[in-house]
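Here TrEMBL flags P163 as substrate binding site. For T194, the entry in TrEMBL reads Ca(2+) 2 binding site. As annotated by TrEMBL, disulfide bond applies to C34-C115, C67-C72. The feature domain 'Plant heme peroxidase family profile' is assigned by TrEMBL to 24-276. The feature signal peptide is assigned by TrEMBL to 1-23.
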Amino acid sequence: MASFTTGHCLFLVLLLRSSAAYGQLSTSFYDTSCPSLQSIVRSVVSNAIAADRRMGASLVRLFFHDCFVQGCDASILLDDVPGTFVGEKTAFPNANSVRGYDVINNVKAAVEASCTGVVSCADIVALAARDGTVLLNGPTWNVSLGRRDSTTASRDQANSDLPSPFASLSTLIAAFSSKGLSAQDMTALSGAHTVGFAQCQVYRDRIYNDNNINSSLSCARATAQRRRASTTPSWRRSTWRRSSPSTTPTTGTCSRTKACSTPTRSSTTAARRMRW
């Protein structure tokens with residue numbers, strides 16, 4: 001599996017810095033209240049990646065999908081409550097697509113056992129994304145901490161703001177620019193696929209439709225991709241998956257119904273999606 005690029009690391013650092021806009025963050029935020037936090041997170045994430053190597057990329061993607069909607073506030077973790085609350089999990093870009101919720105729950109449970117009611121889920125997601133990168137032989141960086149969890153979420157904003165895999169280059173650049181991120185930052189995040197995979201449904205038109213093949217895509221590359229696509233199991237080429245019903249959250253988890261740590265600010269459909 002390919003290693004992370006420096007650009008990928010820089011993008012994650014930019015996400016972490018942008019989340020500081022609504023609070024003063026510090027790398028030593030939990031040094032007194034939960035000194036074992038980072039070792040706990042690293043241990044749980046390490047076990048998860050040992051069981052499924054793709055989980056490192058999945059945690060990066062979960063972090064990105066959280067930060068791109070309302071900021072890095074763990075709003076993506078809020079469960080729907082029928083007739084009362086609609087969260088971001090069931091938004092089209094997230095439903096049957098975003099992975100890693102169970103890993104975050106396991107980290108939260110382990111952290112709660114050591115430091116009850118201290119660490120926010122938003123900080124856990126940020127740390128898990130960093131550790132997922134490091135454990136796949138990528139670079140490391142210091143994570144500033146002190147985020148608070150949101151009690152609100154916006155499925156509409158998730159549907160409108162999260163970039164589509166079918167979006168044009170200009171649309172993608174505009175979407176990232178609206179968040180204060182450059183085309184280079186966008187490219188770095190896209191590079192997270194170096195430790196995940198993209199399903200053929202996302203790019204098959206670019207290698208099978210002669211009228212739509214990017215001129216920069218070499219003949220040899222296109223041929224290799226066609227050969228690989230032809231041997232890919234059908235369930236990975238084009239998959240329809242039904243949404244799993246939200247489960248009732250238990251104490252010490254981050255998949256929750258508007259409760260986890262101190263909040264800061266207000267603010268099931270079948271889906272064909274790629275999975276990391």
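Each Cβ is built from the backbone N, Cα and C atoms, and glycine gets one as well.
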Measure from the Cα of C72 (disulfide bond) to the Cα of every one of the recorded positions C34, C115, P163, then give the nearest.
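So, spelling it out, the nearest of the recorded positions is P163.
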For the domain 'Plant heme peroxidase family profile' (24-276), report the average pLDDT of the model, please.
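It averages 79.
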According to DSSP, does C67 (disulfide bond) sit in a helix, a strand, or coil?
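Its secondary structure by DSSP: helix.
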Please report how many Å separate the Cα atom of C115 (disulfide bond) from that of C67 (disulfide bond), as a whole number.
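With the alpha carbons as reference points, the distance is 25 Å.
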Are there any residues in the same chain, six or more apart in sequence, whose C-beta is under 8 angstroms from the C-beta of the residue listed as 'substrate binding site', and if so which?
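In sequence order, the residues whose Cβ lies under 8 Å from that of the residue listed as 'substrate binding site' (at least 6 apart) are F68, P93, T171, L172, A175, F176.
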Of all the disulfide-bonded residues given, C34, C72, which has the fewest Cβ neighbours within 10 Å once its own Cβ is left out?
C34
Across all protein chains in the structure, which of the disulfide-bonded residues C67, C115 has the highest Cβ count within 10 Å?
C67
C67 (disulfide bond) to C34 (disulfide bond): how many Å between their Cα atoms?
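That separation, Cα to Cα, works out to 24 Å.
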